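Student: Checked TrEMBL, it gives:
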- G41, G42, R63, N158: substrate binding site (BINDING)
- 4-242: domain 'Aspartate/glutamate/uridylate kinase' (DOMAIN)
- K9: site 'Transition state stabilizer' (SITE)
- K224: site 'Transition state stabilizer' (SITE)
Amino acid sequence: MKTKLKIVKIGGNLIDDAEVLATLLKDFSAIKEPKILIHGGGKIATATSKKLGIESKLVEGRRITSAEDLEVITMVYAGLLNKNIVAQLQANNCNALGLSGADANCVQANLRHKEPVDYGFVGDVNHINSAIIQQLLTAQLTPVFCAISHDGKGQLLNTNADTVTAEIAIAMSKYYEVELMYCFEKNGVLENVEDENSVIPKINTAKYEALKANQQIHQGMLPKMQNCFYALKNGVANVVIGSSKLLQSNSTLFTQLSL
Ligand SMILES: Nc1ncnc2c1ncn2[C@@H]1O[C@H](COP(=O)(O)OP(=O)(O)O)[C@@H](O)[C@H]1O
Ligand SMILES: CC(=O)N[C@@H](CCC(=O)OP(=O)(O)O)C(=O)O
(Lines of atoms letter the chains of each structure in order from A and count residues from 1; the text may use other names and numbers.)
(Lines give C-alpha, C1' and ligand atoms only; values in the text may rest on other atoms or scores of the structure.)
(Ligands and ions follow the chains in the order given, each with its own letter.)
Protein backbone atom coordinates (compact mmCIF):
# COMPACT_ATOMS: atom_id res chain seq x y z
CA MET A 1 0.00 0.00 0.00
CA LYS A 2 1.23 3.51 -0.86
CA THR A 3 2.01 6.06 1.90
CA LYS A 4 -0.46 8.95 2.12
CA LEU A 5 0.60 12.41 0.93
CA LYS A 6 -1.46 15.54 1.54
CA ILE A 7 -1.15 18.35 -0.99
CA VAL A 8 -2.74 21.64 0.03
CA LYS A 9 -3.26 24.65 -2.22
CA ILE A 10 -4.05 28.05 -0.71
CA GLY A 11 -5.47 30.89 -2.77
CA GLY A 12 -4.60 34.58 -2.79
CA ASN A 13 -7.70 35.73 -0.89
CA LEU A 14 -6.77 33.50 2.06
CA ILE A 15 -3.13 34.60 2.01
CA ASP A 16 -4.27 38.22 2.08
CA ASP A 17 -5.94 37.72 5.50
CA ALA A 18 -3.09 37.53 8.06
CA GLU A 19 -5.22 35.96 10.80
CA VAL A 20 -6.77 33.29 8.58
CA LEU A 21 -3.35 32.51 7.08
CA ALA A 22 -1.73 32.14 10.52
CA THR A 23 -4.39 29.63 11.66
CA LEU A 24 -4.22 27.73 8.40
CA LEU A 25 -0.43 27.40 8.55
CA LYS A 26 -0.67 26.20 12.17
CA ASP A 27 -3.21 23.54 11.13
CA PHE A 28 -1.10 22.59 8.11
CA SER A 29 1.98 22.20 10.34
CA ALA A 30 0.03 19.81 12.58
CA ILE A 31 -0.52 17.33 9.69
CA LYS A 32 1.54 14.25 10.57
CA GLU A 33 1.75 12.70 7.09
CA PRO A 34 4.19 13.90 4.40
CA LYS A 35 2.78 17.11 2.94
CA ILE A 36 3.28 19.76 0.27
CA LEU A 37 1.93 23.32 0.25
CA ILE A 38 1.31 25.28 -2.94
CA HIS A 39 0.29 28.91 -2.77
CA GLY A 40 -1.20 31.42 -5.17
CA GLY A 41 -1.22 35.14 -4.53
CA GLY A 42 -2.91 36.60 -7.60
CA LYS A 43 -4.79 39.19 -5.56
CA ILE A 44 -1.59 40.45 -3.87
CA ALA A 45 0.28 40.60 -7.21
CA THR A 46 -2.54 42.70 -8.67
CA ALA A 47 -2.43 45.06 -5.66
CA THR A 48 1.38 45.34 -5.83
CA SER A 49 1.26 46.04 -9.58
CA LYS A 50 -1.31 48.77 -8.96
CA LYS A 51 1.00 50.42 -6.40
CA LEU A 52 3.71 50.41 -9.09
CA GLY A 53 1.35 51.90 -11.67
CA ILE A 54 1.06 48.65 -13.65
CA GLU A 55 -2.42 47.61 -14.72
CA SER A 56 -3.19 43.84 -14.44
CA LYS A 57 -5.18 41.98 -17.07
CA LEU A 58 -6.72 38.55 -16.53
CA VAL A 59 -8.52 36.44 -19.13
CA GLU A 60 -10.49 33.39 -17.87
CA GLY A 61 -8.68 33.59 -14.53
CA ARG A 62 -5.23 33.64 -16.17
CA ARG A 63 -2.96 36.66 -15.95
CA ILE A 64 -1.73 38.18 -19.21
CA THR A 65 1.90 38.33 -18.09
CA SER A 66 4.09 41.03 -19.66
CA ALA A 67 7.84 41.25 -18.93
CA GLU A 68 6.99 43.89 -16.30
CA ASP A 69 4.28 41.66 -14.74
CA LEU A 70 6.74 38.78 -14.64
CA GLU A 71 9.14 40.91 -12.57
CA VAL A 72 6.36 41.79 -10.12
CA ILE A 73 5.05 38.24 -9.75
CA THR A 74 8.57 36.85 -9.28
CA MET A 75 9.14 39.32 -6.45
CA VAL A 76 5.70 38.74 -4.92
CA TYR A 77 5.20 34.95 -5.35
CA ALA A 78 8.76 33.57 -5.15
CA GLY A 79 9.98 36.27 -2.76
CA LEU A 80 7.62 37.99 -0.35
CA LEU A 81 4.82 35.41 -0.09
CA ASN A 82 6.87 32.23 -0.34
CA LYS A 83 9.44 33.34 2.23
CA ASN A 84 6.85 34.67 4.69
CA ILE A 85 4.90 31.41 4.49
CA VAL A 86 8.08 29.37 5.00
CA ALA A 87 9.05 31.51 8.04
CA GLN A 88 5.60 31.03 9.58
CA LEU A 89 5.75 27.27 9.01
CA GLN A 90 9.20 27.18 10.63
CA ALA A 91 7.69 28.99 13.63
CA ASN A 92 5.21 26.08 13.86
CA ASN A 93 8.02 23.48 13.81
CA CYS A 94 7.30 22.50 10.22
CA ASN A 95 10.58 22.14 8.33
CA ALA A 96 9.46 23.96 5.19
CA LEU A 97 11.57 24.51 2.09
CA GLY A 98 10.41 27.30 -0.26
CA LEU A 99 10.71 26.59 -3.98
CA SER A 100 9.84 27.99 -7.37
CA GLY A 101 9.45 25.63 -10.30
CA ALA A 102 13.01 26.46 -11.41
CA ASP A 103 14.52 25.23 -8.12
CA ALA A 104 15.79 21.67 -8.54
CA ASN A 105 14.00 21.76 -11.90
CA CYS A 106 10.76 20.92 -10.06
CA VAL A 107 8.23 22.42 -12.51
CA GLN A 108 9.13 22.80 -16.18
CA ALA A 109 6.75 24.42 -18.66
CA ASN A 110 6.38 25.45 -22.30
CA LEU A 111 5.54 29.00 -23.21
CA ARG A 112 1.82 28.97 -24.00
CA HIS A 113 0.85 29.31 -27.68
CA LYS A 114 0.06 32.89 -28.66
CA GLU A 115 -3.28 31.84 -30.22
CA PRO A 116 -6.17 32.40 -29.55
CA VAL A 117 -5.02 34.64 -26.66
CA ASP A 118 -1.46 35.92 -26.21
CA TYR A 119 -0.88 35.40 -22.48
CA GLY A 120 2.72 36.61 -22.60
CA PHE A 121 5.09 34.84 -20.18
CA VAL A 122 2.63 32.10 -19.17
CA GLY A 123 3.70 28.47 -19.15
CA ASP A 124 1.87 25.15 -19.52
CA VAL A 125 3.51 22.46 -17.39
CA ASN A 126 5.32 19.72 -19.30
CA HIS A 127 7.37 18.05 -16.55
CA ILE A 128 7.39 17.67 -12.77
CA ASN A 129 10.59 16.43 -11.15
CA SER A 130 8.69 14.02 -8.91
CA ALA A 131 11.85 12.07 -7.98
CA ILE A 132 13.51 15.09 -6.35
CA ILE A 133 10.26 16.09 -4.61
CA GLN A 134 10.03 12.56 -3.22
CA GLN A 135 13.61 12.85 -1.95
CA LEU A 136 12.75 16.10 -0.16
CA LEU A 137 9.74 14.44 1.47
CA THR A 138 11.84 11.42 2.46
CA ALA A 139 14.29 13.85 4.10
CA GLN A 140 11.33 15.05 6.26
CA LEU A 141 11.20 18.41 4.48
CA THR A 142 7.92 20.10 3.51
CA PRO A 143 8.15 21.67 0.03
CA VAL A 144 6.32 24.99 -0.36
CA PHE A 145 5.82 25.92 -4.02
CA CYS A 146 4.84 29.22 -5.56
CA ALA A 147 3.21 29.32 -9.01
CA ILE A 148 6.33 30.09 -11.02
CA SER A 149 7.66 27.60 -13.54
CA HIS A 150 10.60 27.75 -15.96
CA ASP A 151 11.23 26.64 -19.52
CA GLY A 152 14.61 24.95 -18.92
CA LYS A 153 16.31 27.56 -21.12
CA GLY A 154 16.59 30.31 -18.54
CA GLN A 155 13.13 31.82 -18.77
CA LEU A 156 10.82 32.01 -15.74
CA LEU A 157 7.12 31.62 -16.56
CA ASN A 158 3.85 32.29 -14.75
CA THR A 159 1.55 29.29 -14.28
CA ASN A 160 -1.82 29.26 -12.54
CA ALA A 161 -1.38 27.93 -8.99
CA ASP A 162 -4.37 25.55 -9.23
CA THR A 163 -2.80 24.00 -12.33
CA VAL A 164 0.67 23.66 -10.77
CA THR A 165 -1.06 21.94 -7.84
CA ALA A 166 -2.93 19.43 -10.04
CA GLU A 167 0.24 18.63 -12.01
CA ILE A 168 2.32 18.07 -8.86
CA ALA A 169 -0.47 15.94 -7.34
CA ILE A 170 -0.67 13.77 -10.48
CA ALA A 171 3.11 13.32 -10.66
CA MET A 172 3.38 12.42 -6.96
CA SER A 173 0.60 9.81 -7.31
CA LYS A 174 3.29 7.54 -8.75
CA TYR A 175 4.75 7.21 -5.25
CA TYR A 176 1.95 8.16 -2.86
CA GLU A 177 -1.79 7.93 -2.28
CA VAL A 178 -2.44 11.64 -2.79
CA GLU A 179 -5.16 13.66 -1.12
CA LEU A 180 -5.52 17.05 -2.79
CA MET A 181 -7.12 19.92 -0.87
CA TYR A 182 -7.97 23.23 -2.53
CA CYS A 183 -8.49 25.89 0.19
CA PHE A 184 -10.04 29.24 -0.72
CA GLU A 185 -12.13 31.94 0.94
CA LYS A 186 -15.51 30.18 0.70
CA ASN A 187 -16.76 27.01 2.45
CA GLY A 188 -16.76 24.93 -0.72
CA VAL A 189 -18.46 24.92 -4.09
CA LEU A 190 -21.75 26.73 -3.46
CA GLU A 191 -25.14 26.09 -5.03
CA ASN A 192 -25.61 29.86 -4.80
CA VAL A 193 -22.33 31.81 -4.72
CA GLU A 194 -23.98 34.47 -2.48
CA ASP A 195 -24.96 31.90 0.18
CA GLU A 196 -22.14 30.42 2.30
CA ASN A 197 -24.60 27.87 3.69
CA SER A 198 -25.28 26.34 0.27
CA VAL A 199 -22.15 24.12 0.10
CA ILE A 200 -22.62 21.19 -2.29
CA PRO A 201 -21.19 18.17 -0.40
CA LYS A 202 -20.48 15.99 -3.46
CA ILE A 203 -19.94 16.84 -7.13
CA ASN A 204 -19.37 14.32 -9.91
CA THR A 205 -18.79 15.14 -13.58
CA ALA A 206 -22.54 15.05 -14.39
CA LYS A 207 -23.34 17.50 -11.58
CA TYR A 208 -20.42 19.70 -12.72
CA GLU A 209 -21.86 19.88 -16.24
CA ALA A 210 -25.30 20.78 -14.81
CA LEU A 211 -23.81 23.52 -12.58
CA LYS A 212 -21.97 24.95 -15.58
CA ALA A 213 -25.08 24.84 -17.76
CA ASN A 214 -27.07 26.68 -15.05
CA GLN A 215 -24.23 29.22 -14.70
CA GLN A 216 -23.93 28.44 -10.99
CA ILE A 217 -20.15 28.26 -11.25
CA HIS A 218 -18.10 30.94 -12.92
CA GLN A 219 -14.83 32.92 -12.73
CA GLY A 220 -11.93 31.15 -10.99
CA MET A 221 -14.13 28.23 -9.93
CA LEU A 222 -14.35 26.96 -13.53
CA PRO A 223 -10.59 26.32 -14.01
CA LYS A 224 -10.32 25.16 -10.38
CA MET A 225 -12.90 22.42 -10.95
CA GLN A 226 -11.40 21.50 -14.31
CA ASN A 227 -8.12 20.95 -12.47
CA CYS A 228 -9.88 18.81 -9.84
CA PHE A 229 -11.34 16.43 -12.44
CA TYR A 230 -8.08 16.39 -14.38
CA ALA A 231 -6.31 15.28 -11.17
CA LEU A 232 -8.91 12.58 -10.41
CA LYS A 233 -8.73 11.22 -13.96
CA ASN A 234 -4.96 10.96 -13.69
CA GLY A 235 -4.43 9.01 -10.49
CA VAL A 236 -5.04 11.40 -7.58
CA ALA A 237 -6.96 9.43 -4.94
CA ASN A 238 -9.07 12.16 -3.34
CA VAL A 239 -9.86 15.81 -4.18
CA VAL A 240 -11.75 18.29 -1.97
CA ILE A 241 -12.50 22.02 -2.14
CA GLY A 242 -13.18 24.03 1.02
CA SER A 243 -12.17 26.89 3.28
CA SER A 244 -9.12 27.18 5.53
CA LYS A 245 -11.10 25.07 8.05
CA LEU A 246 -10.60 22.09 5.73
CA LEU A 247 -7.35 21.35 7.56
CA GLN A 248 -9.05 21.00 10.93
CA SER A 249 -9.64 17.34 11.72
CA ASN A 250 -13.33 17.84 12.65
CA SER A 251 -14.16 19.72 9.45
CA THR A 252 -17.36 18.51 7.75
CA LEU A 253 -18.11 21.49 5.50
CA PHE A 254 -16.47 21.02 2.09
CA THR A 255 -17.07 19.73 -1.43
CA GLN A 256 -15.82 16.29 -2.39
CA LEU A 257 -15.19 15.69 -6.09
CA SER A 258 -15.65 12.36 -7.85
CA LEU A 259 -15.67 11.23 -11.48
N1 LIG B 1 -20.49 28.14 -7.21
C2 LIG B 1 -19.41 28.73 -6.69
N3 LIG B 1 -19.00 28.43 -5.43
C4 LIG B 1 -17.93 29.02 -4.88
N5 LIG B 1 -17.19 29.98 -5.51
C6 LIG B 1 -17.53 30.32 -6.76
C7 LIG B 1 -18.65 29.71 -7.41
N8 LIG B 1 -18.74 30.24 -8.66
C9 LIG B 1 -17.78 31.14 -8.76
N10 LIG B 1 -17.03 31.21 -7.65
C11 LIG B 1 -15.91 32.12 -7.49
O12 LIG B 1 -14.70 31.42 -7.62
C13 LIG B 1 -13.73 32.09 -6.83
C14 LIG B 1 -12.58 31.14 -6.52
O15 LIG B 1 -11.70 31.07 -7.59
P16 LIG B 1 -10.28 31.75 -7.49
O17 LIG B 1 -10.43 33.20 -7.20
O18 LIG B 1 -9.52 31.36 -8.70
O19 LIG B 1 -9.72 31.02 -6.20
P20 LIG B 1 -8.27 31.04 -5.54
O21 LIG B 1 -8.21 32.27 -4.69
O22 LIG B 1 -8.22 29.79 -4.75
O23 LIG B 1 -7.31 31.05 -6.67
C24 LIG B 1 -14.47 32.55 -5.60
O25 LIG B 1 -13.91 33.72 -5.07
C26 LIG B 1 -15.88 32.79 -6.13
O27 LIG B 1 -16.13 34.15 -6.31
C1 LIG C 1 -1.01 32.40 -15.25
C2 LIG C 1 -1.68 32.86 -13.99
O3 LIG C 1 -2.81 33.29 -14.03
N4 LIG C 1 -1.00 32.76 -12.86
C5 LIG C 1 -1.52 33.19 -11.60
C6 LIG C 1 -0.63 32.60 -10.52
C7 LIG C 1 -1.06 32.92 -9.12
C8 LIG C 1 -2.37 32.26 -8.76
O9 LIG C 1 -2.85 31.34 -9.39
O10 LIG C 1 -2.90 32.80 -7.62
P11 LIG C 1 -4.33 32.43 -6.96
O12 LIG C 1 -4.31 30.98 -6.64
O13 LIG C 1 -4.34 33.28 -5.73
O14 LIG C 1 -5.40 32.80 -7.94
C15 LIG C 1 -1.57 34.72 -11.50
O16 LIG C 1 -0.55 35.37 -11.75
O17 LIG C 1 -2.60 35.25 -11.05
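Keep in mind that glycine also has a Cβ here, set from the backbone N, Cα and C atoms.
It should be emphasised that the depicted structure is a prediction, and the values quoted were computed from it without experimental measurement.
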Student: By a 10 A CB contact count over all chains shown, which of the recorded positions listed here is most packed: K9, R63?
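Tutor: Going through K9, R63 one by one, the largest Cβ count within 10 Å is at K9.
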Student: When DSSP states are folded down to helix, strand and coil, where does N158 (substrate binding site) land?
Tutor: strand
Student: Work out how many Å separate K224 (site 'Transition state stabilizer') and G41 (substrate binding site) at their Cα atoms, rounded off.
Tutor: 15
Student: I want the residues beyond G41, G42, R63, N158 whose C-beta is within 8 angstroms of the mean position of the substrate site's C-beta atoms, in chain order.
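Tutor: Apart from the listed residues, the neighbours are G12, G40, A45, T46, T65, I73, Y77, A147, N160, A161.
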Student: Could you round the CA separation between N158 (substrate binding site) and K9 (site 'Transition state stabilizer') to a whole angstrom and send it over?
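Tutor: With distance taken Cα to Cα, K9 (site 'Transition state stabilizer') is 16 Å from N158 (substrate binding site).
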Student: Name the secondary structure element type, per DSSP in three states, that contains K9 (site 'Transition state stabilizer').
Tutor: strand
Student: I'd like to know which of the recorded positions listed (K9, G41, K224) lie near ligand 2, counting only a CB under 6 Å away.
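Tutor: By the Cβ criterion, which requires under 6 Å to ligand 2, the hits are G41.
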Student: Please compute the mean pLDDT of the model over the domain 'Aspartate/glutamate/uridylate kinase' (4-242).
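Tutor: Taking every residue in the domain 'Aspartate/glutamate/uridylate kinase' (4-242) and averaging pLDDT yields 97.
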Student: Say you check the Cα of K9 (site 'Transition state stabilizer') against those of the binding-site residues G41, G42, R63; which is nearest?
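Tutor: That would be G41, nearest by Cα distance.
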Student: In which DSSP state, out of helix, strand and coil, do we find R63 (substrate binding site)?
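Tutor: In three-state terms, R63 (substrate binding site) counts as strand.
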